[in-house]
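Residues annotated as domain 'NADH:ubiquinone oxidoreductase chain 4 N-terminal' in TrEMBL: 1-100. Taken from TrEMBL, the feature transmembrane segment applies to 21-41, 53-72, 84-102, 108-129, 141-161, 181-204, 216-239, 245-266, 273-295, 301-322, 329-349, 422-448. If you look up TrEMBL, you'll see 104-390 marked as domain 'NADH:quinone oxidoreductase/Mrp antiporter transmembrane'.
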Amino acid sequence: MLKLILPLVLLMKFVKEWKSIQVGLGVLSGLTGLMCFHSVYMYNIGFSLGLDYISYLMVFLSVWIMFLIIMASQRVKTTNNFSAMFLIVNLILLLSLFLAFASLNYLMFYISFEISLIPTLVLILGWGYQPERIQAGVYMLFYTLTLSLPLLGSFLYMYYSDGSLMFILGKPMLEESYVTAIWYFSSVMAFLVKLPMYMLHLWLPKAHVEAPVAGSMILAGVLLKLGGYGLIRVLVFFQKMSFNFSWLWVSVSLVGGVLMSLLCLRQVDMKSLIAYSSVVHMSMVLAGLMIFSWWGLMGAVVVMVGHGLCSSGLFCLANMVYERIGSRSLLISKGLLSFMPSMGLWWFLLAVGNMAAPPSLNLFGEISLIVSLMSWSNLSILSLVLLSFFSAGYSLYMYSLSQHGVFFSGLYSCSSGKVNEYLVLFLHWFPLNVLILNLNLVSGVIYLKKISCLMAKSNK
């Protein structure tokens with residue numbers, strides 16, 4: 001793991017050279033990509049760090065999205081808006097994500113999980129666009145911290161009862177009591193806020209709308225996935241208790257997802273619409289994780305990767321429009337096809353990716369989740385039908401309202417798109433649609449087979 005962390009730390013020396021950081025992160029993402037060729041369950045172990053299949057995917061996603069963020073944030077460099085500080089904050093954020101996804105110790109995971117909040121807050125407060133960014137930052141800080149403190153207590157109690165905080169060494173809690181229920185809820189709630197679950201999501205639209213493009217892309221691309229990853233790690237200990245409450249999480253997720261889809265259909269702010277659609281996607285991920293099926297886990301991991309690429313690309317597009325027109329409102333930024341015709345193709349490709357059209361990763365992920373939820377309960381088909389329908393509805397609503405119609409009359413002249421912008425969008429779209437050709441790389445089928453073999457051996 002140090003072969004990824006040390007180059008990242010060394011990159012901080014070159015923060016005054018934007019191009020060097022960009023090339024360095026590109027090389028680092030390439031090196032991370034080469035690490036997929038292995039045949040063991042867990043590798044790169046050392047210093048309480050190590051990767052299994054899911055954490056490898058999340059680390060790769062983090063470094064890839066950060067590479068694209070530096071490419072998309074050229075305006076910070078051209079306006080010289082504290083560009084060196086901007087790069088340092090982003091690299092510290094990437095380092096904290098590396099440590100969070102690669103840690104094999106719960107306490108180290110908790111510390112890295114909380115550290116990632118600070119650079120995100122600095123991005124929103126330092127490079128956000130409007131005065132409301134202070135309120136958005138406070139919302140995000142207090143929502144996350146309030147429910148993270150019980151998680152720390154839960155880990156300390158786990159250490160007291162088990163004598164270890166290593167992922168592999170802890171034994172599952174099989175007893176059912178009020179104490180175990182409190183322990184379970186205090187462990188799970190911090191990740192449900194980060195995911196976020198419906199009713200704990202109010203910080204997300206505010207944070208997305210007020211954040212700069214870098215903040216929006218890293219929030220949608222990686223930080224929401226920290227919640228799903230944390231649930232995968234923690235729920236192993238509370239299998240018995242989680243079975244008792246799975247009806248609660250699935251019900252809230254599916255009903256909340258439908259309500260959020262309806263809310264997307266009446267949004268006029270581009271970034272707000274994309275942020276609410278993230279809540280819809282993550283609600284399906286939560287439902288898939290909580291029913292404890294292989295299909296559910298596989299679908300949840302694929303949707304996390306697909307959504308990370310797709311929504312990050314959409315936020316990038318929304319920022320490109322904002323830089324030209326000066327507004328995020330769909331009522332003003334209409335008729336984009338008239339003066340940005342080439343960009344219309346990327347709007348369409350990422351919008352249909354957002355609604356899980358073939359051949360995107362989201363299609364396979366949502367099919368897996370639908371299969372797993374229908375096998376869990378036939379009643380869930382009602383919510384799933386509405387979710388799929390409204391998902392297509394708000395994606396097409398966003399595309400048609402932004403691309404068609406009469407464009408803003410106050411617009412004098414603007415660029416129809418630079419090569420750098422098209423490259424960023426292509427690097428979002430390409431893995432989203434090409435990885436479906438080899439789903440072994442993303443779905444964790446190999447990982448699931450290895451776990452099944454280990455479980456079979458332990459049962460013997």
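From the backbone N, Cα and C atoms, a Cβ is placed for every residue, glycine too.
TrEMBL annotations: computationally assigned, not manually curated.
Highest Cβ pair count under 8 Å relative to the transmembrane segment (53-72), across stretches 108-129, 216-239, 245-266, 273-295, 422-448: 216-239. Two recorded stretches are said to be in contact when at least 3 C-beta pairs lie under 8 angstroms, sequence spacing 6 or more; the transmembrane segment (216-239) and the transmembrane segment (301-322) meet this definition. Beyond its flanks by at least six residues, the transmembrane segment (422-448) meets 36, 41, 52-54, 57, 64, 68, 71-72, 294, 297-298, 301-302, 305-306, 309-310, 312-313, 316-317, 342, 346, 349-350, 353, 359-364, 368 of its own chain at Cβ-Cβ distances under 8 Å. For the domain 'NADH:ubiquinone oxidoreductase chain 4 N-terminal' (1-100), DSSP puts the residue distribution at 73 helix, 7 strand, 20 coil. Within the same chain, residues 184, 197-199, 201, 273, 276-277, 279-280, 283-284, 286-287, 290-292, 373, 376-377, 380, 383-384, 386-387, 390-391, 393-394, 397 sit at least 6 positions outside the transmembrane segment (245-266) and bring their C-beta atoms closer than 8 Å to a C-beta of that stretch.
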